[in-house]
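A.B. asks: Let me begin by handing over the structure; questions about it come next.
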Amino acid sequence: MAATATATDTNLSNLKTAVAGLDQISENEKSGFINLVSRYLSGEAQHVEWSKIQTPTDEVVVPYDTLAPTPAGATEIKNLLDKLVVLKLNGGLGTTMGCTGPKSVIEVRDGLTFLDLIVKQIENLNSKYGSNVPLLLMNSFNTHDDTQKIVEKYQNHNIEIHTFNQSQYPRLVADDFLPLPSKGNTGKDGWYPPGHGDVFPSLSNSGKLDALLSQGKEYVFVANSDNLGAIVDLKILNHLVAHKNEYCMEVTPKTLADVKGGTLISYEGRLLEIAQVPDEHVGEFKSIEKFKIFNTNNLWVNLSAIKRLVEADALKMEIIPNPKEVDGVKVLQLETAAGAAIRFFDKAIGINVPRSRFLPVKATSDLLLVQSDLYTLEDGSVIRNTARTNPENPSIELGPEFKKVSNFLSRFKSIPSIVELDSLKVAGDVWFGAGVILKPAKTGPEFKPGH
């Protein structure tokens, strides 16, 4: 930070006064926000000496196929599942895909939403093994009200659903570091949810953490609600319980399509997630095969360890500054990511999982994949068609005419067969008839107006 110590002190003092007057948020949120801004203004950063970086061994980033098989007996499986809680990050809106409300209520396949599929998966486990795996949804202030209404339809299902909100922080005006709501913008645009790294303190502040521990729960499986591959994996849970690991990050090999996602390194005896590699070190990273993995944001975390670290205020994750503009005013929102917490937990590991555990739906091109004959549905899980011989999914690029879900659906009389497809690029005003089969052409299929 370029600010002098005096300027920083002044900014912080003014900020504390302004935040104290914000009656829309709790005292926990106020102190959490002030703490985050203080760390940011102090210039606190994670300094990594690149000469000390080591490639993680198979002991700390464990190959999935070396995990012990799941216990065979139904009683042993029930005992495992009774230690588990599933938590889905449900704070995002479907605005990118032209939808209103929580993204988790977009229909994915066969008239079922993300949330429907998640409920089906967990309900199936509970029914099959007589277990009680609850579902927790971490909402943001953007998705809370709608989600509360939506979950009512699952009241008679074999699943307990609990909701809680992640923190609501005020956006900072970039010029003077004062909260935007204190300057009159008290609507939703004045606030932001501070990233999924906030899951740990919010779980504690909501009272859910203590309630789960009192029920004998030991592990929480955290995943994005739009990742259709993030289903409960008994092999992973069994491994963590047997080895008493406090934290596990699922990583998977990168493909050419993967530009985001941190990777894991070994550093001074601990695992660290590195989200960004400095330019001067990119070459050496690219040359090391073990670094060609990335964080799927499927995380398994010990609940007692979360309690210990939150109460000690020890989870000081890397701060991600996210500049925005609201009504012409430049603002800053400071965020953290849950993956960066790995360095604070004991016996933390990564597991190098199959690509099938990472199937996010971020755009309508992803929706085309999961609605096609490339996948089928089984007990709420999206299963890949074995007729597909290529281990990688087709690369699909749809033009802006397909960006909104409503427009996307209107342009297909039926979803084409793409089992044999390698890549597809659609440009312009294109409509698809019924029963279309897409196969590789010599240069790859490309559709333009008139096709």
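Just so it is clear, glycine is given a Cβ too, placed from its N, Cα and C backbone atoms.
Feature table excerpt (TrEMBL):
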type	residues	note
BINDING	Lys103, Gln166, Gly195, Asp226, Lys362	UTP binding site
BINDING	His196	substrate binding site
A.B. asks: Express in Å, rounded to the nearest integer, the largest CA to CA distance found among the UTP-binding residues Lys103, Gln166, Gly195, Asp226, Lys362 named in the record.
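C.D. replies: Greatest Cα separation within the listed binding residues comes to 21 Å.
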A.B. asks: Around Lys103 (UTP binding site), how many other C-beta atoms are within 10 angstroms of its C-beta?
C.D. replies: 23
A.B. asks: Whole-number answer please: how many Å between the C-alpha atoms of Gln166 (UTP binding site) and the residue listed as 'substrate binding site'?
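C.D. replies: Between the Cα atoms of Gln166 (UTP binding site) and the residue listed as 'substrate binding site', the distance comes to 8 Å.
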A.B. asks: In sequence order, what residues of the same chain, 6+ apart, have a Cβ less than 8 Å from the Cβ of Asp226 (UTP binding site)?
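C.D. replies: Same-chain residues close to Asp226 (UTP binding site) (Cβ under 8 Å, separated by 6 or more) are Gly92, Lys103, Ser104, Phe114, Pro360, Val361, Lys362.
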A.B. asks: Tell me the Cβ contacts of His196 (substrate binding site) under 8 Å, same chain only and six or more apart in sequence, or just say none.
C.D. replies: Leu89, Gly91, Met138, Gln166, Val222, Asn224, Asn297, Ala337, Ala338
A.B. asks: Mind giving me a neighbour count for Lys362 (UTP binding site)? Other Cβ atoms within 10 Å of its Cβ, every protein chain shown.
C.D. replies: 15
A.B. asks: By a simple count, how many Cβ atoms lie within 10 Å of the Cβ of Gln166 (UTP binding site), its own Cβ left out?
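C.D. replies: Taking all protein chains shown, Gln166 (UTP binding site) has 27 Cβ neighbours within 10 Å.
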